[in-house]
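For reference, the structure discussed in these notes is given below.
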């Protein structure tokens, strides 16, 4: 028998319509935060804004267990049909709308909540910097379990289906500067060409092979060098994106990449690392996954459960478990007939799936055992 969870669909659609039209980039989600604060105040929910950054934490209930629910709130600056704007092409507008409905439910039904609920409206997921800022703010207690969600492309899961875990990859981006020695293009032997050095390094990266059956990737995603066609360039910048299915494999791959960088530094060629951004892989939790799977069954039936599929996408949600703030965690992969894909400005999805998402997330909070040890 399905649980009787009632959410206000008109509020979900109203919230989505506003948030969709007012996307803001990482740490610039000022109007988004104002809107969330307005809606939470209307509900009578207790919340605390972060200091010196956007977003907030909602607190409902008291005692144990301490359950966390996280929604990301930022959007992406992109160009579509010749127009540059900010788009919610990763579905964070849907995540916020779903989690607002969850807050409303437990405000209206406090007797349905066991323990303390901490709802995190987190900025800057897209730059993989928001979660760590939230953790470092000190405003979150240790969580017995943390639940998140993400709308998921139709190629992975359809509407009326969901995955109890999104096995996100560990992702790391290196931002590098390469320095050489300038020379006239007619006497290249007198210089140290950073383009040649970059080509050498890129070939070393392409030859990296790990002893694993798990997927991994190493990709040069940005490169810039040279300002004149008749000068050997002595300065360039580039970025390397690399991904693995586990945090342990990331450590191995990172060492291989650093070794390749070191070996590419010869003579006048010097390479410095200017930035090193990490988003850890999902840390599987049998307990949290079991709760989420049962919650999907409660709302969509057993036929609605889809086996998690490894992917190379990342999410800074996993910092909460990686840094030890959350003992257990899982992220719901919500089917919603999303096409053509995430991070594409004209992405669309079936809006009614937000109702299912809200009910599943509410059920997960309700299904969390009192002793989540």
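Cβ coordinates are placed from backbone N, Cα and C, and glycine is handled just like the others.
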Which one of 318, 343 goes with 90, 92, 126, 150 at the Mn(2+) site, as TrEMBL has it?
343
Tally of residues which DSSP labels helix, strand or coil - the domain 'Peptidase M20 dimerisation' (173-266)
33 helix, 33 strand, 28 coil
In three-state DSSP terms, the structure that residue 150 (Mn(2+) binding site) belongs to:
strand
Reduced DSSP state (H/G/I helix, E/B strand, rest coil) at residue 343 (Mn(2+) binding site) is coil
Tertiary neighbours of residue 90 (Mn(2+) binding site) (same chain, Cβ under 8 Å, six or more apart):
72, 75, 76, 125, 126, 342, 343
Cβ proximity for residue 150 (Mn(2+) binding site), under 8 A, sequence spacing 6+, ordered by residue number, returns 91, 95, 166, 315, 331, 332, 333, 334
Between 0 and 100, where does the mean pLDDT of the domain 'Peptidase M20 dimerisation' (173-266) sit?
97
